[in-house]
Amino acid sequence: MKIEGTVVAMVTPFTEDDVVDEAGLRENINYLIENGVDGLLVAGTTGESATITHEEQRRMIDILVDEVNGRVRTVAGAGSNSSREAMGLVEYAEDAGADAALVITPYYNKPQPHGLIEHYTMLEEAADIPLIIYNVPSRTGTDIDVDTVAELAKLDGIIGIKEASPDLDKVSMLRSRLMDLGLDDFTVLSGNDNLTLPMISMGAEGVISVVANVDPARMSRLVNEALSGDFESAMKTHYELYSLMKVLFIESNPVPVKEALNMMGKARGSCEDAPGTPAGCKP
């Protein structure tokens, strides 16, 4: 199983009554597929995984798998700072038929490397669904190091990492270590739209993208150009998207991307339980 190319970190649309807009979610799924993306993720950071209920999370996984119907890869957000909760979500994603589960490093508790290895090993042993590690130290307070990732990459069920730290040298160190271990099949995905081009040049194989919610065709083009080795064209596409990459993060994600989708007439709704965040998020 490979998860690569442009995977969209989808927003969670809500109705005016602050319930998940299931019809809107299906509309967004089809819009993104029609514009050439390679995969879709629900209930990630952009999907407000930290504030939606587990019931909402499970329902979105069901809708994703049903609506996609094999057309692109499906990735279920299934992380938690509780190993038991994460296990339940991973098992649910497997039963629902998702292609992979994205599992964030446990947040707030700030586990040491041995704790991270224990956490992910337990999840890998609990279910047969491929797992993708999600490293986003700016949100979790934990930055999983290269040695720990390399150790986890030896497990058959852990197939890749979404790397959302800004440290580009870390990508080189990780790729070098994986090559030394003969683990070339382990996938590295960019977790930052603006760093996707340089990360692919260092051996990453795609991106889990926020920007692709708004401009899926052009973000897919950037990734495809870079993966094919056409870095001159990819650089031009990168700079065509650069202003969008920056403006979508002028407020806490997903506030700007939801407002952009609102301006486009796409389903977005308010943000769930996001105090102090304007531009369409409820207080």
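Positions of Cβ are set from backbone N, Cα and C atoms, glycine also.
Because the structure is a prediction, the values reported are computed rather than measured.
Per Swiss-Prot, the features are:
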type: SITE; residues: Thr45; note: site 'Part of a proton relay during catalysis'
type: BINDING; residues: Thr46, Ile208; note: pyruvate binding site
type: SITE; residues: Tyr108; note: site 'Part of a proton relay during catalysis'
type: ACT_SITE; residues: Tyr134; note: active site, proton donor/acceptor
type: ACT_SITE; residues: Lys162; note: active site, schiff-base intermediate with substrate
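Under the DSSP three-state reduction, Tyr108 (site 'Part of a proton relay during catalysis') is assigned to coil, being neither helix nor strand. Here the CA atom of the residue listed as 'active site, proton donor/acceptor' lies 10 Å from the CA atom of Thr45 (site 'Part of a proton relay during catalysis'). In the three-state DSSP scheme, the residue listed as 'active site, proton donor/acceptor' falls into the strand class. Contacts of Tyr134 (active site, proton donor/acceptor) defined by a Cβ separation under 8 A and a same-chain sequence distance of 6+ are given as Gly44, Gly79, Leu102, Val103, Ile104, Thr105, Ile161, Lys162, Ala164, Gly191, in order along the sequence.
Taking a C-beta cut-off of under 8 Å and a sequence gap of six or more, Thr46 (pyruvate binding site) has these contacts in its own chain: Ala9, Met10, Val11, Val210, Asn213, Asn253, Pro254, Val257.
Cα separation, Ile208 (pyruvate binding site) to Tyr108 (site 'Part of a proton relay during catalysis'), rounded: 23 Å.
Its own atom aside, the Cβ of Tyr108 (site 'Part of a proton relay during catalysis') has 8 Cβ atoms within 10 angstroms in the protein chains shown. Mapped onto three states, the DSSP output places Ile208 (pyruvate binding site) in strand.
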